[in-house]
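Here is the structure we will look at.
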Amino acid sequence: MKTLLLTLVVVTIVCLDLGYTKTCLISPSSTPQTCPQGQDTCFLKALCDKLCPIRGPVIEQGCAATCPEFRSNYRSLLCCTTDNCNH
């Protein structure tokens, strides 16, 4: 009985310690990566500069604690909170 109780305690501690980690697509490779603790928002930014008409927007993907603030040089900004949603 003590062995069963000890096993249950160890399993509970291990499960609680693992926690949940968010994964987001990260530029430039657009591969899923685990976000740092506390960064539970995925984002995708399309940035434009003077070369935008020639080469198109620069795409940035990553993790953030909150959705980045929209700026004037952004063509678009997507924020989401499910795994790998920033594609």
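Keep in mind that glycine also has a Cβ here, set from the backbone N, Cα and C atoms.
Features of the protein shown, as given by Swiss-Prot:
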SIGNAL    1-21  signal peptide
DISULFID  Cys24-Cys42  disulfide bond
DISULFID  Cys35-Cys63  disulfide bond
DISULFID  Cys48-Cys52  disulfide bond
DISULFID  Cys67-Cys79  disulfide bond
DISULFID  Cys80-Cys85  disulfide bond
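Cys85 (disulfide bond) has its Cα within 10 Å of the Cα of none of the disulfide-bonded residues Cys35, Cys48, Cys63, Cys67. Take the CB of Cys35 (disulfide bond) and look out to 10 A: across all protein chains shown you find 20 other CB atoms.
In sequence order, Cys24, Cys42 are the disulfide-bonded residues from Cys24, Cys42, Cys48, Cys52 with a C-alpha within 10 Å of the C-alpha of Cys63 (disulfide bond). Other Cβ atoms within 10 Å of the Cβ of Cys80 (disulfide bond), summed over all protein chains shown, number 15. A distance of 6 Å separates the Cα atom of Cys42 (disulfide bond) from that of Cys79 (disulfide bond). Geometry remark: Cys80 (disulfide bond) versus Cys52 (disulfide bond), CA distance 25 Å. Counting only the Cα atoms, the space from Cys79 (disulfide bond) to Cys52 (disulfide bond) is about 22 angstrom.
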